[in-house]
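Annotation comment: Swiss-Prot describes 44, 158, 189, 396 as N-linked glycosylation site, evidence class sequence analysis. Taken from Swiss-Prot, the feature signal peptide applies to 1-20, supported by sequence analysis. Positions annotated as transmembrane segment by Swiss-Prot, on the basis of sequence analysis: 501-517.
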């Protein structure tokens, strides 16, 4: 009897304990459900170091000398209005300095011209056709445009010279030609002048002469590494309104994949296609393989009227943005890949553990449900009462043991869970983070000091040629122009006044004479 009573009490206690712990309604199952893996967006991009052969050029000091010289010649003949030969032959003759003259000018910082001639007539007019000796030196000189023709039946010659000199520093550029790297000077109009690395380079343009001295120029070639972003370019095709990746279309594999490389070297950003020689203004980069010349950018011939910043500056800024964008895409792609990896790993672990702990999925979903797997990946969910969770493994008379809440009668088995040691299951590399960097800008060639001097000299000539002086030494016009301001006006007014008084006197004398004659006769 006692044994029966004990069994009954134990049974009631177990039933009561089971009702406290088993709080899920298995009769209200819903499903089936399947855990979904996160699908990452395919992006084949990586950050790598590329070994290249770098050719660079550095310049220092005064390495560029600009000189100009020209003469205004006006040769006239005055045969009267009926002579068809009357008139002037005017022209501006460029007389750019020779290489030896420009060297001498650069040392003395003076330019030399022939003699001026103003209103040289008769036999003196032969100076217009003489061999001029460049013996008159000036710091700078601007011409005066004379066109005198004031001597009847004689020829008249007018000569006026202009000259100038500028010694400055310019940057030479690099250009790829036939797989080789050469130095060039870029004119404001985009013309490329080959520069010798061992001897001075001299060339002329109209009345201007240029001399580049390579003494302060250093050109070197070295092997170096560039940090680049490598992106696989997969061709796509459109079929029936849908876009497909032809990399794997029809089960075929792209045996010759194409890649884009976006690289950075100090403050320069550029695209480095595979197997190509790419030239920036002061550096060229070459990879192994077949060489295809690429000027980057391919437009040095830029008019100074179209751009306040050169096209290279704009391209450099654009490629710096591309470089940083590629870095950001790489970082986001890495994060996306990590999320996908974590998603798959988490789902596998969750499926495995949820088959042991039927409350695991409910905890992850934030719902009070229990799970029951009916296949390796599909499961049913049943609603449950909420289970408290705190900073201890015990709650009231229950203890969490082996993945279940069970009855606990030994308080010594309880302990605090407020502190725990972290365990890193993943080995991720450090993310590359984009940052703001200085971008090197060069400006247009026309804004460089030497070329601005050329532009100013040409503008000064235009201003001078706008005005013509028809007068000279020994002419009546020179006498008139030599009077002070207001003198002619005063003389004219005095002439008019004196003329009026004279007429009054004459008329008075005539009247007096008439009266006297009447009395006599």
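Each residue, glycine too, has its Cβ placed from N, Cα and C.
Here the CA atom of residue 396 (N-linked glycosylation site) lies 120 Å from the CA atom of residue 158 (N-linked glycosylation site). Shown are the glycosylation sites 158, 189, 396; of these, the residue with the fewest other Cβ atoms within 10 Å is 396. A separation of roughly 90 Å, to the nearest angstrom, links the Cα atoms of residue 396 (N-linked glycosylation site) and residue 189 (N-linked glycosylation site).
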